[in-house]
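Taken verbatim from TrEMBL:
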type: COILED; residues: 127-161; note: coiled coil
type: COMPBIAS; residues: 1-27; note: compositional bias 'Low complexity'
type: DOMAIN; residues: 47-148; note: domain 'LOB'
type: REGION; residues: 1-34; note: region 'Disordered'
Amino acid sequence: MMDSTHSSDTTTTTTTLSHSNSSTSQSPASPPAQYGMANNAPVVVLSPCAACKILRRRCVDKCVLAPYFPPTEPQKFTTAHRVFGASNIIKLLQELPESQRADAVSSMVYEANARIRDPVYGCAGAICQLQKQVSDLQAQLARAQAELVNTQAQHANLVALICMEMAQLQQQQQQQQQQQQLLAMSDIFQNDWLFTDEACQGSIWDEPLWV
């Protein structure tokens, strides 16, 4: 009886030691490789993502949050989690295709920051402010365009006035030239007439009074 008990204890002890040795011989599980976003390209990160680190949970291989909340940007997830909550973020990302998830995360982070800055209006307040700036700029643009049209009209009127003055000046110059030509021609005619008259008088007195 004592031999059977001793043999069973020995067997139990041997099994326990072998189990402990096999457990200690195994290396501890390394954290899974996650993916971050750097220059819109996936980069392997050998640490839990910022979301799982903040939520204090194990980051699995296909963590839906890892590509958009890398461990180097914890404030990004903290801000979004503070406003939307982790469950809502995960649900939204799971409902979207992968091509739209990055834009969705950027929108959530932007809206969360706006909500933290302005708890009453949030993103709507920023949109209203931007719309007001757009309206002000459109009014300034309309005034500038009106001033431009007015300036162009003034320029056109000034050009037309200058053209009219130049035309009048040319007409006056032509009239002066015509008058000068007429005066010159009249002087020539008068000189010719005097020369002819003198020539005629000379021919009359040169003739003999008797033959």
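Yeah, the Cβs are placed from backbone N, Cα and C, and that goes for glycine too.
Helix first, then strand, then coil: DSSP counts for the domain 'LOB' (47-148) stand at 72 helix, 0 strand, 30 coil.
Per-residue confidence over the coiled coil (127-161) averages out at a pLDDT of 95.
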